[in-house]
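Chemist: Below: one structure in structure tokens.
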Amino acid sequence: MRQYLDLLEHVITTGTDRGDRTGTGTRSVFGYQMRFDLSQGFPVLTTKKLHLRSIIHELLWFLRGDTNVAYLKDNGVSIWDEWADENGELGPVYGYQWRSWPTPDGRHIDQIAALVEGLKTNPNSRRHIVSAWNPALVDEMALPPCHCLFQFYVADGKLSCQLYQRSADIFLGVPFNIASYALLTMMVAQVTGLEAGDFVHTLGDAHIYRNHFEQAQLQLTRTPKPLPKMEINPAVKDIFSFRFEDFELVGYEADSHIKAPVAV
């Protein structure tokens, strides 16, 4: 995952120091892109160990259309706890927008179902897009979507995905986002009869929080290891039927975890 270390180094050396919503302060750049060929291994960091369980369960939670942290907590995932209210609710966040986008006439659009159907029936379309950024509901969300829009593209029997991320917490969030959307691309490829191609990650405000500088410098001293392979149960043909047990990361070797505080 040299691409990720290059991003860290680029922001540390060329970024601008700025204030931010959390009051922590950041160093950031505006506009950055990484590309990962999914045939070359699963793009998960090897220079610090990631909690893959959290990544998989969060993605399955999104695909359920869920907006309550109960499912996550039941599965030992706490990454959304800081933003949930006393009942575990987060408002109309990712899952709601993906699966139940509200229209002015009272209907709801299942963007994921429409995406899969479109890829099967009209793969050359340039409209294979899912948006989580709903201006009418942003103020009702506990945390407006950081990874807010993604598009799929089919060529030569391969499915590629490009994500636009408006706000990118490089040290804590981006490694999760890379693995999550790479996995989503593989899942969608499987259920549409395609091979996984590239995951393209486009960042808007790409930032490192001030209280992550030391951890980022430590990570830059580490050498990337070979990428592992993600094996997915080939029997699953419906995007909404995947379960945690359908995924196995084979050959994952990583350096020790590096702790860092979350800016809320």
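Yeah, the Cβs are placed from backbone N, Cα and C, and that goes for glycine too.
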Chemist: Arg21, Arg35: which one does Swiss-Prot list with Arg126, Arg127, Arg166, Ser167, Ala168, Asp169, Asn177, His207, Ile208, Tyr209 for the dUMP site?
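Modeler: Matched candidate out of Arg21, Arg35, per Swiss-Prot for dUMP with Arg126, Arg127, Arg166, Ser167, Ala168, Asp169, Asn177, His207, Ile208, Tyr209: Arg21.
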Chemist: At the level of the C-alpha atoms, what whole-angstrom distance separates Ala263 ((6R)-5,10-methylene-5,6,7,8-tetrahydrofolate binding site) and Arg21 (dUMP binding site)?
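Modeler: About 9 Å separates the two Cα atoms.
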Chemist: Rounded to a whole number, what is the top Cα to Cα distance in Å among the residues the record ties to dUMP, namely Arg21, Arg126, Arg127, Arg166, Ser167, Ala168, Asp169, Asn177, His207, Ile208, Tyr209?
Modeler: 36
Chemist: Looking at the binding-site residues Arg21, His51, Arg127, His207, which sits with the largest number of other Cβ atoms within 10 Å of its Cβ?
Modeler: His207
Chemist: How many whole Å apart are the CA atoms of Ser167 (dUMP binding site) and Cys146 (active site, nucleophile)?
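Modeler: Distance between the two Cα atoms comes out at 5 Å.
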Chemist: Could you state the CA-to-CA distance between Tyr209 (dUMP binding site) and His51 ((6R)-5,10-methylene-5,6,7,8-tetrahydrofolate binding site) to the nearest Å?
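Modeler: About 21 Å separate the Cα atoms of these two residues.
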